[in-house]
Amino acid sequence: MAVVLRSSPLLWARVAAMVFACVAFSVALYGANLTHGTGDWCVFCWSFSFVGTLLIILVEMFGLQTRAPVSWKNFPITFACYASLLCLSASIIFPLYFMKGYAGRTEIFNCRITSTVFSCLATIAYLSEVSLSKARPGEVAGYMATAPGLLKVCETFVACIIFVFISEPVSYNQNAATQWCLSVYCICFILSAAIIVMCVGECTGCLPFSFARFLSSYALLAVVMYLSATIIWPIYKFDEKHGGHSHRPNSCGSGTGLCSWDKLLAISVLSALNFILYLADLIYSARLVFVNV
């Protein structure tokens with residue numbers, strides 16, 4: 001089996017991302033003294049990104065793209081986009097939980113700084129890979145290499161963060177309005193994830209209807225649903241007339257990480273962010289239908 005390794009900016013971006021992620025989790029495991037469960041999540045982000053990128057490089061090195069059980073036009077850029085978001089989340093979460101207010105041994109603190117720096121570098125490298133891999137105007141590429149495809153990845157990732165904040169502690173079971181918000185997050189996440197799986201698995205041709213028109217219709221539905229959640233959630237969580245709390249408790253500033261009130265605020269911000277992402281998705285999807293169909 002011939003080994004082919006052609007030097008290109010895309011290859012070097014992948015190698016850099018793989019090396020930076022490897023250094024981040026290696027230093028963290030070696031001397032960062034990760035005593036909180038959040039540290040395990042950060043190590044997972046870095047190690048998952050490292051292993052996935054190594055696998056992609058090996059597949060392309062040995063020319064196994066045609067034997068892979070996924071669409072190679074869609075899989076590498078989808079993984080790179082998820083990896084960039086994972087490393088970005090680790091770059092924010094890790095210092096928040098392990099460097100904020102730390103007054104322990106200098107060696108441990110230095111290891112934590114090193115992991116954070118290399119996590120940021122890995123994020124930049126993965127974003128560079130996404131930029132190099134995305135479709136250019138007039139170029140024939142997989143759906144995941146287009147703007148709507150990349151937006152789908154961001155939408156599902158933001159929804160996952162919402163699920164983490166909304167479930168610990170549970171903050172959606174007070175009334176029917178907040179339960180509707182949870183339904184919005186779940187339905188849109190499931191449909192967006194299903195679209196990504198179908199594209200990566202090359203199953204879109206099996207649908208009994210036009211995939212492009214389905215994308216446009218779904219994007220419109222998601223915009224309307226997320227608009228309602230973006231309005232309803234802060235009303236029932238921060239308006240005192242509806243049982244909310246408009247002021248941040250004093251106890252929130254004493255502990256590490258985010259307190260319950262901070263998580264409620266984060267859900268509001270992330271809901272608005274996903275609304276914007278779905279709105280952009282709708283615009284691109286509508287152009288895909290009415291311009292190309």
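Cβ atoms here come from the backbone N, Cα and C positions, even for glycine.
Automatic, uncurated: that is what TrEMBL annotation is.
Record features, source TrEMBL:
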type     : residues : note
DOMAIN   : 5-138    : domain 'MARVEL'
TRANSMEM : 12-31    : transmembrane segment
TRANSMEM : 43-63    : transmembrane segment
TRANSMEM : 75-97    : transmembrane segment
TRANSMEM : 109-128  : transmembrane segment
TRANSMEM : 140-165  : transmembrane segment
DOMAIN   : 143-290  : domain 'MARVEL'
TRANSMEM : 177-198  : transmembrane segment
TRANSMEM : 218-236  : transmembrane segment
TRANSMEM : 264-284  : transmembrane segment
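Counting same-chain residues at least six beyond the ends of the transmembrane segment (177-198), those with a Cβ under 8 angstroms from any Cβ of the stretch are 78, 144, 149, 152-153, 155-156, 159-160, 162-163, 166, 171, 204, 207, 215, 218, 222, 225-226, 228-229, 232-233, 235-237, 271, 274, 278. With Cβ pairs under 8 Å as the measure, the transmembrane segment (12-31) is packed most heavily against 109-128, out of 43-63, 109-128, 218-236, 264-284. Take the transmembrane segment (140-165) and the stretches 43-63, 75-97, 109-128, 264-284: counting Cβ pairs under 8 Å, 264-284 has the most. Residues 13-14, 16-17, 20-21, 23-25, 27-28, 30-33, 42, 45-46, 49, 80-81, 83-84, 87-88, 90-91, 94-95, 98-99, 102 of the same chain lie 6+ residues outside the transmembrane segment (109-128) yet bring a C-beta within less than 8 angstroms of a C-beta in it.
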